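Encoded as C-alpha cells, the structure appears first; notes follow it.
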C-alpha cells in the first residue's frame, strides 16, 4: 500500500498539487479567451479533470496549465450558459494570478465585461498542500517541526490572499466573485480506511487541522474582500468514502472517480460546480 500511495503522491505533485507542474522558460501566452462573461481562476482543484483529459487525449489548448475540458470551470459554464474563459492552471500559486508567469497572469482574463469570477487559490503557496501530502500521507516525516512550519505557512497566506482578492476586484469591478475553499480530503475518523494504517490517526488529525486552518484563512480573506464563499463541506465524501460518493480520490482511477490523484473526482467537480452556480444565482 505504501508503494501504491507513493506512486499516487508523485502523480499528484506533478499534476500541480505541490506546485511542481512542468516548468516553462517564459510567461505563458493567454491562458484563455478575453472578454468572457464567466472566468475561472485558480489551481488544479478547478483546472484538473479526468486523467485522459489532463494528459491531452482529447486536446489541451494550454498544456502548461493542464486544463481539462471537464474541469470545474467548464461544468459551471454549462450551468450558467454564458461565455466562458478558463484561466485556471494546475500548480498555480497566488503569484500566478497577479504576475506574468508560465501559469499567469490570470488577471488578464478579467475586465469590466466580466460578470462572474470563481477562484480557488492558495494551497500551492510554499507547497502547503504538497508538503502535507509528501510528509503526512506516508506519515514518517509528519513531525513536530514540519507541523509548526506548515501552520506558519498558512499564517503567511492570508495577506497574499488579501492582495489577490483586491486585484481581482480591481480587474473585474462589475463581477460577482465566488471563492472556493478546498474539498475535504481525509475523514474525521479514519478507522476502517486505508489511511489509518498508512498515515496513523495522529497524522490524519493534524492534516485535518491544517486543511481546516487553510480553508478558514481562505474564507476569512474572501469575507474581508466582500466576496461570496461557496463552502458546504459535507461529511462522507472524502477519499475514504465508497465508490461514487468520493469527492476527492487517492488515485483518481477508482470506480466512478474520473479524476487525478488526490484531486476532485467527477462527483466532486459536479458538486463544486453546483455550489458555484448556485452562489452566482443567489
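Backbone N, Cα and C define each Cβ position, glycine as well.
Heads up, TrEMBL stuff is auto-annotated, nobody curated it.
In this structure, residue 44 (active site, nucleophile) is part of a helix by DSSP. Taken from TrEMBL, the feature active site, nucleophile covers 44.
What TrEMBL lists as active site is 263.
Taken from TrEMBL, the feature disulfide bond applies to 65-89 (among others). Every protein chain shown contributes to the tally, and the Cβ of residue 65 (disulfide bond) ends up with 30 other Cβ atoms within 10 Å. Secondary structure at residue 65 (disulfide bond), as computed by DSSP, is helix.
For residue 142 (disulfide bond), the Cβ neighbour count at a 10 Å cut-off comes to 22, with all displayed protein chains included. Among the features that TrEMBL reports, disulfide bond is placed at 136-142 (among others).
Long-range Cβ proximity for residue 193 (disulfide bond), meaning a same-chain Cβ under 8 A and a gap of 6 or more residues, is found for 187, 240. The disulfide bond annotation in TrEMBL covers 193-240 (among others).
In the predicted model, the domain 'SGNH hydrolase-type esterase' (41-270) shows an average pLDDT of 92. What TrEMBL lists as domain 'SGNH hydrolase-type esterase' is 41-270.
What TrEMBL records for 1-21 is signal peptide.
Residue 142 (disulfide bond) and residue 263 (active site) have their C-alpha atoms 21 Å apart, to the nearest angstrom.
Checking each of the recorded positions (65, 136, 263) against residue 44 (active site, nucleophile), the C-alpha distance stays within 10 Å for 65, 263. The highest number of surrounding Cβ atoms within 10 Å, among the disulfide-bonded residues 136, 240, is found at 136.
Geometry remark: residue 65 (disulfide bond) versus residue 263 (active site), CA distance 15 Å.
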